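Feature annotation from Swiss-Prot assigns transmembrane segment to 19-39, 56-76, 90-110, 113-133, 144-164, 171-191, 222-242, 254-274, 288-308, 317-337, 376-396.
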Amino acid sequence: MSPSDVPINWKRNLTVTWLGCFLTGAAFSLVMPFLPLYVEQLGVTGHSALNMWSGLVFSITFLFSAIASPFWGGLADRKGRKIMLLRSALGMAIVMLLMGMAQNIWQFLILRALLGLLGGFIPNANALIATQVPRHKSGWALGTLSTGGVSGALLGPLAGGLLADHYGLRPVFFITASVLFICFLLTFFFIRENFLPVSKKEMLHVREVVASLKNPRLVLSLFVTTLIIQVATGSIAPILTLYVRELAGNVSNIAFISGMIASVPGVAALLSAPRLGKLGDKIGPEKILIVALIISVLLLIPMSFVQTPWQLALLRFLLGAADGALLPAVQTLLVYNSTNQIAGRIFSYNQSFRDIGNVTGPLMGAAISASYGFRAVFCVTAGVVLFNAIYSWNSLRRRRLAIE
C-alpha cells in the first residue's frame with residue numbers, strides 16, 4: 001500500500017491544526033499590546049504622528065493579507081494545503097525575527113506588510129480540515145478549530161504584556177518567531193495529507209470556479225457575511241476603552257476593567273463555538289447563522305444604553321456566545337456549497353473579505369464616534385448586522401426555493 005492510500009486520521013490532523021491555530025493566534029496577538037510603544041521606540045514622536053503610524057502598521061498587515069490570500073488559495077488547490085501551512089508558519093517566523101531587528105519605522109512598516117503577504121495559516125488550516133472531515137461533522141470540526149485561534153488571541157496580549165515588562169520589546173518578537181517555528185515543526189512532523197498536485201493547465205479559472213459552485217449567489221452572501229462580522233467586531237474596538245472610561249468614571253483600574261470587557265466575548269465564543277457547531281450539524285448551519293445574527297442585533301442595541309461597565313460586560317459576553325457560531329456556520333455552508341478541488345480558493349476568498357472587514361471596521365467605528373459619540377457606534381453596527389441578517393435570510397431562502 002502506497003502512502004497516498006493510507007487513510008487520513010482527520011482527528012489527529014484536527015488536533016494538530018488546532019494547536020497550530022492556537023500558536024498562530026497567540027503569536028499575532030503577542031505583539032499587539034505594545035505595538036504603539038515599539039513604533040515610538042523606532043523614532044516616531046508626537047501624538048498625531050504616533051496615532052497615524054500605529055494605525056498604519058496595524059492595518060497594513062490585513063490589507064496585504066486580503067490581496068495575497070486568493071493567490072495562496074489557488075496555490076493550495078494546486079500543490080496541497082500542508083505545504084501552504086508550512087510556508088505560512090516558516091515565513092511568518094522569519095518576518096517576526098526581522099521585526100525584532102528593525103531600526104526604523106519604514107523597515108517595520110514593510111515587514112508588517114510582508115507579514116500579511118506571507119500569512120494564511122488559519123484559512124489553509126480550515127481548508128485542510130474541511131476537505132478531510134466527514135461532511136456531517138463539518139460544523140463541529142470547524143467550530144472546534146475556530147477556538148484554537150480565539151484561545152491564542154485571548155492569551156497572547158496577556159503573555160505579550162508580561163514578556164515586554166520583563167524582557168523589553170524586541171525580545172518579544174524573537175519569542176514570537178520561536179512560537180511560529182514550533183508551529184512549523186508541528187505541521188511538518190504530524191499533519192498528513194494525501195494530495196495529488198494539479199498542473200497549472202488543469203487548474204480551474206475564476207469563471208470555472210464560480211460555475212462549479214452549487215449556489216454562487218449564496219457563496220457571495222457568505223463572503224459578505226464574513227466581512228460584516230469583522231466590521232461589527234472591529235467598529236467597537238477603537239472606542240471600547242474610552243466608552244468604558246465614560247461609564248466607569250474616575251477609577252484607578254480602568255485598564256483592567258477595559259481589558260476584561262474586551263476579552264469576555266472571546267471567552268464566550270470559546271465555550272459556544274464547538275457546541276453550536278455540533279447543533280448546526282443536526283439542525284442546519286443556515287438556521288444557526290440567521291438566529292445568531294438576529295441575537296447579535298438584539299444585544300448590540302442595548303449596549304448603547306448601558307449605564308455601568310458590568311452591564312456592558314454581560315451584554316458583550318452574550319454577544320460573544322452568539323458570535324462564536326457565526327464564522328463556523330459560514331465556513332460549514334461554504335463546505336456544503338463547494339468541492340474539495342476549489343476549497344483552498346474559496347476559503348482564501350473568504351479570508352480576503354475577513355481582512356477587508358478588519359481594516360474597515362475600526363475606521364467606521366472611529367468615524368462614527370468622532371461625529372456622533374460612542375453610543376451611536378453600537379446603533380449603527382446593529383443596523384449593519386440587521387441588514388446582513390436580512391440579506392443572508394433572503395439568499396438562503398432563494399437557495400431553498402431553488403432546491404424545491
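Positions of Cβ are set from backbone N, Cα and C atoms, glycine also.
Remote same-chain partners of the transmembrane segment (376-396), defined as residues 6 or more beyond its termini with a Cβ less than 8 Å from a stretch Cβ, comprise 217-218, 221-222, 224-225, 228, 231-232, 235-236, 239, 286, 289-290, 293-294, 296-297, 300-301, 303-304, 364-365, 368-369. Contact between the transmembrane segment (317-337) and the transmembrane segment (254-274) is supported by 3 or more Cβ pairs under 8 Å, counting only residues 6 or more apart in sequence. The stretches the transmembrane segment (171-191) and the transmembrane segment (56-76) are not in mutual contact, being linked by fewer than three Cβ pairs under 8 Å (pairs 6 or more apart in sequence). Segment contact is absent for the transmembrane segment (113-133) and the transmembrane segment (288-308), given fewer than three CB pairs below 8 angstroms at sequence separation of 6 or more.
Looking at which of 19-39, 56-76, 90-110, 254-274 has the most CB pairs under 8 Å to the transmembrane segment (144-164), the answer is the stretch 19-39. If you look at the transmembrane segment (90-110), the same-chain residues 6 or more away from its ends with a CB under 8 A from one of its CBs are 24, 27, 31, 38-39, 42-44, 53, 56-57, 60, 118-119, 121, 170-174, 176-178, 180-181, 183-184. When Cβ-Cβ distances below 8 Å are used as the criterion, the transmembrane segment (288-308) is approached by residues 139, 225, 232, 247-248, 276, 279-280, 315-316, 318-319, 322-323, 325-326, 329-330, 333, 375-379, 381-382, 385-386, 388-389, 392-393, 396 of the same chain, each at least six residues removed from its ends. Sequence-distant contacts of the transmembrane segment (254-274) (same chain, six or more residues past either end, CB-CB distance under 8 Å): 140, 143-144, 146-147, 150-151, 153-154, 157, 237, 240-241, 244-245, 248, 309, 312-313, 316-325, 328.
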